[in-house]
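Copied from TrEMBL, the annotated features are:
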type	residues	note
BINDING	Glu17, Glu50, His53, Glu94, Gln127	Fe cation binding site
DOMAIN	1-145	domain 'Ferritin-like diiron'
Amino acid sequence: MMSKKLEDAINEQIKNEFFSGYLYLSMAAQSEEMNLPGVAHWFKVQAKEEQEHGMKFYDFINDRGGRVLLKAIEQPETEFKNVLDMFNKTLEHEKLVTSMINNLYEIALKEKDYPAQIMLQWFIDEQVEEEKNASDIIAILKMIGDKGHGLHMLDRDLGKREED
């Protein structure tokens with residue numbers, strides 16, 4: 001059985017993962033308004049992935065005999081300047097999530113909770129990928145700008161993102 005401290009921290013992370021999904025759905029909604037269906041698709045896939053992450057934590061608590069306590073999710077930001085702003089905020093948010101996962105890992109180390117350490121290693125690896133994906137798209141947007149043919153091509157490419 002896991003410690004109360006770790007269980008509480010993981011319950012908080014469930015909320016954080018679902019908030020991430022809300023944030024990306026908000027970005028998807030604005031992308032739809034901007035007639036960028038590929039960007040919207042990318043963010044919808046991202047939102048679904050975040051919900052799956054939340055469920056991984058949910059299942060982990062239940063599998064360990066703990067108690068899941070769902071917390072209120074606040075409304076995410078709903079206005080973004082442009083696509084570059086969305087991806088800059090995505091990277092900023094993913095860096096925040098990385099720090100949250102690292103904090104969970106620190107708690108698991110201090111509590112000598114080896115199953116939690118193993119589970120969290122997956123999330124640590126995932127965060128490297130999440131930050132890289134956002135950084136790569138930001139680099140492309142900085143090269144092509146956020147208007148015209150280049151943005152249209154990027155929108156088309158982002159629309160090809162497959163669900164994991």
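Including glycine, each Cβ sits where the backbone N, Cα and C put it.
Worth saying up front: this structure is predicted, and the values here are computed from it rather than measured.
Those residues of the chain, other than Glu17, Glu50, His53, Glu94, Gln127, with a C-beta within 8 angstroms of the mean position of the Fe cation site C-beta atoms are Asn16, Ser20, Glu49, Val97, Ile101, Phe123, Glu126, Glu130. Taking all protein chains in view, 22 other C-beta atoms sit within 10 angstroms of the C-beta of Glu94 (Fe cation binding site). Long-range Cβ contacts of Gln127 (Fe cation binding site) within its own chain (separation 6+, distance under 8 Å): Glu94, Val97, Thr98, Ile101.
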